[in-house]
Amino acid sequence: MNNTTTKAAETAKKAGTTRNTGVRTMVQIAMLAAVATVLMLWEVPLPFIAPSFYKMDLSEVPIMIGAFAMGPLAAAVIELIKILLNFVLNGTTTAGVGELGNFIMGCALVMPAGFIYKQAKTKKHAIIGMVTGIVCMAVASALVNGLLLLPAYGKAFGMPVDTFVEMGAAIIPAIHSLTTFCLFSVAPFNIIKGIVVSLITLVLYKHISRLLKGSQA
């Protein structure tokens, strides 16, 4: 009887711990998504590398922190909530194309970083993860913009894709086609964004992770 009672108590304790962990994770996801949504409002163009409709924001910083603290899947959920909140609160000026692009590029950056860091939670793995994420985001941005986003954006607003090429060529003379636009403008834009996000995350993560986990990360 005593053994049965002890096992029941242990089972109840484990169930309670699991519930508490689940609730804490949901609260952390909601909190980081809210911060990311606010940060998404502050956008700055990089006119030396890309046309003005490409704007950089720092909303991936809290999501990268979430990827390190809770893993890549949690980061994808935070990314999705951020996009949905922004869509509901602020609408869209890009027929949803910009929001889709933000989600895809964000996931391409934070999910590889979160996956690699999860294997061994060291500064070395954090850096390797972020570098990998930056490369993945750059490749994804070139492919997805060239094959999907720019054609969809042009169709939504009645703009031929040559318009984007002309805008890019005005900044970088080597641009002469949609392919070179994606290689010389879109990919470098995302590399710069990834580097900025990663550097800020490196500075902030240890401090914020203590608040998220309630202990030294």
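Yeah, the Cβs are placed from backbone N, Cα and C, and that goes for glycine too.
In TrEMBL this protein carries:
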- 29-49: transmembrane segment (TRANSMEM)
- 61-88: transmembrane segment (TRANSMEM)
- 100-117: transmembrane segment (TRANSMEM)
- 129-154: transmembrane segment (TRANSMEM)
- 174-205: transmembrane segment (TRANSMEM)
> the transmembrane segment (129-154): which same-chain residues, six or more beyond its ends, come within Cβ distance under 8 Å?
Replying inline: 64, 94-95, 97-98, 100-101, 104-105, 108-117, 160-161, 163-164, 178-179, 181-183, 186-191, 193-195, 198, 201-202
> Any residues 6+ beyond the ends of the transmembrane segment (174-205) with a Cβ under 8 Å from its own?
Replying inline: 46, 49-51, 54, 56, 58, 60-61, 64-65, 68, 105, 109, 113, 123, 126-127, 130-131, 133-134, 137-139, 141-143, 145-146, 150, 161, 164-165, 168, 217
